[in-house]
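Pulled from Swiss-Prot:
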type	residues	note
DISULFID	Cys15-Cys51	disulfide bond
DISULFID	Cys121-Cys204	disulfide bond
DISULFID	Cys163-Cys179	disulfide bond
DISULFID	Cys166-Cys189	disulfide bond
DISULFID	Cys237-Cys251	disulfide bond
DOMAIN	351-680	domain 'Transferrin-like 2'
DISULFID	Cys354-Cys386	disulfide bond
DISULFID	Cys364-Cys377	disulfide bond
BINDING	Pro436, Asn600, Tyr666	D-glucose binding site
DISULFID	Cys463-Cys538	disulfide bond
BINDING	Thr465, Arg469, Ala471, Ala472	hydrogencarbonate 2 binding site
DISULFID	Cys487-Cys681	disulfide bond
DISULFID	Cys497-Cys511	disulfide bond
DISULFID	Cys579-Cys593	disulfide bond
DISULFID	Cys631-Cys636	disulfide bond
Amino acid sequence: LGLCLAAPRKSVRWCTISPAEAAKCAKFQRNMKKVRGPSVSCIRKTSSFECIQAIAANKADAVTLDGGLVYEAGLHPYKLRPVAAEVYQTRGKPQTRYYAVAVVKKGSGFQLNQLQGVKSCHTGLGRSAGWNIPIGTLRPYLNWTGPPEPLQKAVANFFSASCVPCADGKQYPNLCRLCAGTEADKCACSSQEPYFGYSGAFKCLENGAGDVAFVKDSTVFENLPDEADRDKYELLCPDNTRKPVDAFKECHLARVPSHAVVARSVDGREDLIWRLLHRAQEEFGRNKSSAFQLFKSTPENKDLLFKDSALGFVRIPSQIDSGLYLGANYLTATQNLRETAAEVAARRERVVWCAVGPEEERKCKQWSDVSNRKVACASASTTEECIALVLKGEADALNLDGGFIYVAGKCGLVPVLAENQKSQNSNAPDCVHRPPEGYLAVAVVRKSDADLTWNSLSGKKSCHTGVGRTAAWNIPMGLLFNQTGSCKFDKFFSQSCAPGADPQSSLCALCVGNNENENKCMPNSEERYYGYTGAFRCLAEKAGDVAFVKDVTVLQNTDGKNSEPWAKDLKQEDFELLCLDGTRKPVAEAESCHLARAPNHAVVSQSDRAQHLKKVLFLQQDQFGGNGPDCPGKFCLFKSETKNLLFNDNTECLAELQGKTTYEQYLGSEYVTSITNLRRCSSSPLLEACAFLRA
């Protein structure tokens, strides 16, 4: 008996919110038994919110929620996460999301930040694409102090006239002024109002009643099958530009995700839930069985357990939590409708920097203090976790190596400013307007290891700044991959320190962790052999035979330039560079002996935050940059005792990108191609997550 009680429950406890759902769930349970699939049991509650609480308390396992509730469920103390998304059919392509867009007629001449006083068309009050997203996005421009003042009143005063079906037309006649229904049907919450829903809101624009329609990406295509007709319309983008209607992936107010099944983020039984859903859709999905249909409800009750319009489910990669699933624009728009005007304005003005590891966090806090809180800090223990915080809108920016600019770019972030180093050219333009020259990736060895060349590295011990970074991973490993065709880098070198690799593997064997020998192989400065200085230290302390760093690393840490005990007696002449032709040269001759030229590190952010971020960073570097009045007195942005915290210590300034504003343009096609090839060797959980989110 004891054994039976200890056996894990093999049944998924599905949470229901009404008698009709409970009845469908019971049918679901019986039919899964018949096909001997994973078993499901039914838990009765009276609302989605009660279900969220029950799942968090381990009294139920799963429930399907819409985007707004996925947001609630992800918050503390529930911390649920989406594990499977419903898939819908849109224009022949199965989708797990749609995009909320603002459609206008070509030539109407205004941008998203100039909508005050125009006429607006909405799908309906309280709907995602037609109300919550656009009004949340326009919140900073509304004259609304926030709850408890009615939002409808502020919107009625913002647009010159609108059609917002379901609005309170008696109290706010302006919100129903453009609607076309007659008498009681004017502004009705159904298709009795001709301008209701997606197609209705578009018709309101098409007929010339309104100037802008807030709809979804497929609306224009469904209503105008002819491309020539579609060409008369454009989308308004968050960066206050316009784009063609088919560019909705680059130009939308928010991505609205489909309904998702949520579970606990710890011990959530998600494998079992997925087995149940996968089998259920195979047996009882669209056009499968007449006995029971998973995506069919009763005529009186729609969308029981799942949406009736769903085609099936896809599994959500485990890296994705509710914030990543919903995305920054959606989260910001939602937050904007819950906060006071002062809170919204403060959040927009502030720049939240993401610090990687405790040492960067300390420097960031100092920066925040001296900036009068114009800069605030978020922190994470790895660079990829920081990129995820920017994707969720919990941070605005961080400075990245080229390898991570690639990851961030694949996730939809853009480069904003690049680090620039002192130029050799004395009559070059000022730092901010000088094109960043990039830096040289080099392989450094001890002069005393005279027999070691680029061609005899196999079986040696290697030191790397971190996995996925440019100079120490993507460039040398890309070259080795091209030579050997093998991804087994742990077999090529006998031992390595490559922070960010599997701590149990030989790629972490040489790593040492912090002074307490903890956090070994962590990709942040807790690992003493992390970053350019750390990888060189790994060579200098004779742990490794070769260090992959950049051209200035040896120069910055020898001949007394670094006063730390391990570096103070090192001499530049005791180290040499390996050239790709099998020869060696002094470290000062990197120009003619390097592995590749690498793009400079650059600051990335969401595209709609880029202009504001630039403005703030230029002011900050004017004050705390190398030539600023407050460096070294109060704080130096580009100094950190040779640790390269937040920025590289040899940065002269953050510079304009010379028009290279996408990750592909900034990194250059050669580097992008080499990383794409190298990525076949390793999977990054964040890249997998972003591939799912941007599919």
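The backbone N, Cα and C atoms fix where each Cβ goes, and this holds for glycine too.
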For Tyr666 (D-glucose binding site): DSSP state (helix, strand, coil): helix
Site with most surrounding Cβ atoms, counting all protein chains shown within 10 Å, from the disulfide-bonded residues Cys463, Cys579: Cys463
Coarse DSSP state, helix versus strand versus coil, of Cys681 (disulfide bond): helix
Spatial neighbours of Cys354 (disulfide bond) among the recorded positions Cys166, Cys377, Pro436, Cys463, Ala471, Cys497 [C-alpha, 10 Å]: Cys377
Between Thr465 (hydrogencarbonate 2 binding site) and Cys377 (disulfide bond): CA-CA distance (Å): 24
8 Å Cβ shell about Thr465, Arg469, Ala471, Ala472 centroid, hydrogencarbonate 2 site members excluded: Asp401, Gly403, Ala441, His464, Gly466, Thr470, Trp473, Asn474, Gly531, Tyr532, Ala535, Phe548, Val549, Lys550
Minimum Cα separation from Cys511 (disulfide bond), reported as the residue among binding-site residues Thr465, Arg469, Ala472, Asn600, Tyr666 that achieves it: Thr465
DSSP three-state assignment for Cys163 (disulfide bond): strand
Winner by Cβ contact number (other Cβ atoms within 10 Å) across the disulfide-bonded residues Cys538, Cys681: Cys538
Nearest-integer angstrom distance between the alpha carbons (Cα) of Cys681 (disulfide bond) and Tyr666 (D-glucose binding site): 24
Residue pair Cys121 (disulfide bond), Cys163 (disulfide bond) - Cα distance, angstrom, rounded: 5
Distance check against Cys497 (disulfide bond) for the binding-site residues Thr465, Arg469, Ala471, Ala472, keeping those with Cα within 10 Å: Thr465
Between Ala471 (hydrogencarbonate 2 binding site) and Cys463 (disulfide bond), the C-alpha gap once rounded to whole angstrom: 11
Separation of alpha carbons, Cys631 (disulfide bond) and Cys179 (disulfide bond) (Å): 60
Confidence summary for the domain 'Transferrin-like 2' (351-680), mean pLDDT rounded: 95
D-glucose site shell beyond Pro436, Asn600, Tyr666, criterion: Cβ within 8 Å of Cβ centroid: Pro415, Ala418, Glu419, Asn420, Gly438, Pro599, His601, Ala602, Ala655, Leu657, Lys660
Spatially closest candidate among Cys189, Cys237, Cys463, the listed disulfide-bonded residues, to Cys487 (disulfide bond) (Cα to Cα): Cys463
